[in-house]
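First comes the structure, then the notes that go with it.
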Amino acid sequence: PAPEKEPAPTPKEEPAPAPAAEEPPAPEHPPATEQPPAPADEPAPVPTAEATPAPEEGPPAPQVEPQAPAPEPKPEKPKAEPPSAPLSLTVEEVSENSVTLTWKAPEQTGRSVLDGYMVEICKDGSTDWTAVNEEPFLSTRYTIQDLGSGDKIHVRVKAVSASGASVPATLEQPVLIREILQLPRIRMPRHLRQTYVRHVGDALNIMIPFQGKPQPEVIWTKGGQPLDTSHINIRNTQKDTVFYIRKAQRSDSGKYELAVRINGAEDKATLDIRVIEPPGPPQNLKLVDVWGFNVALEWSPPVDNGNSEIKGYVVQKSDKKSGKWFTALERCTRTSCTISDLIIGNTYSFRVFAENACGLSEKAAITSGVANIKKTKTAYQPEKIPQRDMMEPPKFTQPLTDRTTTRGYSTHLFCSVRGFPQPKIIWMKNQMEIREDPKYIAMIEQGVCSLEIRKPSPFDGGIYTCKAVNPLGEASVDCRLDVKGKI
């Protein structure tokens, strides 16, 4: 303390610079407020430089008082938050005497610029953490050298800035220092990269290959918990792991995590299994309405979908006479439908099955009531009365005309007739009715009567008559046909 008193007089001659030079120490000595009583104790050794200006100069004393609330920087401290912890700390490679780590930058660095990272190690069983690097570095990859083969060490990484150090990111498992000849890697089969769907009662026998040297450690978990080995069998070899369940249950559905680990280096994969079964029956099936040949139905989805999305519904009908069920709608995607084309006079019941990826529900919802398709009266019976007013005897509107044709060339005779009911047409040659004769083809269409005479000869010439007959009477027309020989 004696040498500290000797320089004390020098600040007495220059009191002004003394407080300016000692402004930074003010936060380092928070009990600055206790110094007003200090002048009474002049022999105090440490605060002599601060105490000497106080007694000699009255005016500077008030200058110390404004400095007394020096805790002004204290409210700034909460603003200067340290950065958050580094992310995804993993082991990239392990050798006989080193381990290489990688990680990602922290999400938040605070107001200060990130100075870098500090890597610390601690031997397994000890709590003494030591820094590996002397100065912070900005790379997110670091190799720890000069480690002893066979050592088991814990590793953590801190992010450092002017505001302080972050909470450390620590490896979950200690790293065994020995050479990894081949990093662990899971070769998940393509069909297992999506949800693996099986039915209740099926056997699950899944093999997942992997690689890694030396022999990797294989760890199966579900929801972060070990598997129930009394129900799920796991068999591991040097190159694959087999996941086996004798009879799958709905409760076996979920995401299973597989980790293959060598000395802290690991690869992870997820196996998503869904065990499904047929759904329950639809609920609240109602016969909403019956009209004409149609029936309207409504229902609600099943309570249990069988752990699989409902694809649709199958609607069936059964008539009381046969008692057999027939499918009316193959796949109805809504919870209502209309069944049409029912048979008049029949009584129908209806049932609905739900369908998912596993198939149809074991039971169906059946309507409590039945639908009676009643007979309806013929609405057009009265129209027979005006039909009687339209009746008339046959009358030719276009007569036959005389024709001359050449031997061997087919010819046609035409005439038109009307009458109601439609009259019967009779063709005659020389007053003799023409019956089934392949030489003649008689037709009537829209009241136009025609007679085709195929390849006539002179013998086919004569008087042709067309007679029309109905219940109200008859009418006839005739013509002459001459057949000339070839010139």
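Numbering starts at 1 and runs along the chain as displayed.
Glycine residues also receive a Cβ, built from the backbone N, Cα and C atoms like all the rest.
Residues annotated as compositional bias 'Basic and acidic residues' in TrEMBL: 1-15.
For 1-85, the entry in TrEMBL reads region 'Disordered'.
Annotation source TrEMBL lists compositional bias 'Pro residues' at 16-46 (among others).
According to TrEMBL, the compositional bias 'Pro residues' annotation covers 56-72 (among others).
Helix, strand and coil residue tallies for the domain 'Fibronectin type-III' (85-180), in that order: 0 helix, 47 strand, 49 coil [DSSP]. If you look up TrEMBL, you'll see 85-180 (among others) marked as domain 'Fibronectin type-III'.
Per TrEMBL, the feature domain 'Fibronectin type-III' maps to 281-376 (among others).
Across the domain 'Ig-like' (394-478), the prediction's mean pLDDT works out to 93. Summarising the annotation, TrEMBL assigns domain 'Ig-like' to 394-478.
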Please count the residues of the domain 'Ig-like' (394-478) that DSSP assigns to helix (H, G, I), strand (E, B) and coil. 3 helix, 54 strand, 28 coil
Per DSSP, what is the helix/strand/coil residue tally across the domain 'Fibronectin type-III' (281-376)? 0 helix, 52 strand, 44 coil
